[in-house]
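Q: So TrEMBL lists the following for this protein:
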type     : residues : note
TRANSMEM : 12-35    : transmembrane segment
DOMAIN   : 22-294   : domain 'Sugar phosphate transporter'
TRANSMEM : 41-61    : transmembrane segment
TRANSMEM : 77-95    : transmembrane segment
TRANSMEM : 129-147  : transmembrane segment
TRANSMEM : 153-175  : transmembrane segment
TRANSMEM : 187-206  : transmembrane segment
TRANSMEM : 218-244  : transmembrane segment
TRANSMEM : 251-272  : transmembrane segment
TRANSMEM : 278-297  : transmembrane segment
Amino acid sequence: MASLVDRMRGHGRIAAGLLFNLLVSICIVFLNKWIYVHHGFPNMSLTLVHFVVTWLGLYICQKLDIFAPKSLPPSKLLLLALSFCGFVVFTNLSLQNNTIGTYQLAKAMTTPVIIAIQTFCYQKTFSTRIQLTLIPITLGVILNSYYDVKFNFLGMVFAALGVLVTSLYQVWVGAKQHELQVNSMQLLYYQAPMSSAMLLVAVPFFEPVFGEGGIFGPWSVSALLMVLLSGVIAFMVNLSIYWIIGNTSPVTYNMFGHFKFCITLFGGYVLFKDPLSINQALGILCTLFGILTYTHFKLSEQEGSKNKLAQRP
């Protein structure tokens, strides 16, 4: 009875974590797009604000004894911090240069790429039916991109780079948490300032720092408040991503994440008047079909594995 209660509590925590991530992830997409469209705040500078606020948030959490920092060698985190920069910068550049629909659907390609990375680099195996579900997911993304009336080649390049770096990043996060025996907060506490320092060095080479359009330029109070709010929500997104991947798996996080794009797409059409053709709608439905089929097969396989373990003498 006690073990059943513990399992239910565990499932409840995971469900709450997924729901929280769903809400803040949708919020950050709309807020960042609003900042790009209506204020023109520079991309890398906004990412730098996100990283700094994330580190400050974790510092406060540490002072409140929410978690205990663990000493980690910087060399072990260098590649992860670099991929974190690429993950956020390229994803935001994709959002800035694409419609919300294309941006969100392109992210669906993260799942096939993660499966490819885990198959070829980590010798993890996936059943044939799981692999087949990646076909409608990929086909739907291609259909949407091909028939997007606001197609932007540079935006698609950023989207492709974002998918690749994000996939590597999410696989490495899970691996590093297990390798270094740290939780999500402990890992992010050391990684966030390293990523901030990297961007601090890079920003002056790509964006203005002072004057019009610079991070220290003459921004309105409303723009600065929006940027600060974006940083706070980004902290919540980053923390929930780490927690979910550490407590489930990169693939589970991604498959759940794809359901966000339904609400995100609707918001894009309402808030930013993004156009939607019949063929794009077919692409969206095709991707959704792949996501739902994958989820059904994955849950069936997990249930089968549990039953086999329970039947062992």
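Cβ coordinates come from backbone N, Cα and C, glycine included.
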Q: Give residue numbers and ranges for long-range contacts of the transmembrane segment (153-175): same chain, 6 or more residues beyond its ends, CB-CB under 8 A.
A: 79-80, 83-84, 86-87, 90-91, 93-94, 96-98, 102-103, 106-107, 109-110, 113-114, 117-118, 121-122, 145, 187, 241-242, 245-246, 249-250, 253-254
Q: Check the transmembrane segment (12-35) against each of 77-95, 129-147, 187-206, 218-244, 278-297 and return whichever range has the most CB pairs under 8 Å.
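A: Stretch with the highest Cβ contact count: 218-244.
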Q: Considering only the recorded stretches 41-61, 77-95, 218-244, 278-297, state which has the highest number of Cβ pairs under 8 Å to the transmembrane segment (129-147).
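A: That would be 278-297.
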Q: Within the domain 'Sugar phosphate transporter' (22-294), what mean pLDDT does the predicted structure show?
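A: Within the domain 'Sugar phosphate transporter' (22-294), the model's average pLDDT equals 82.
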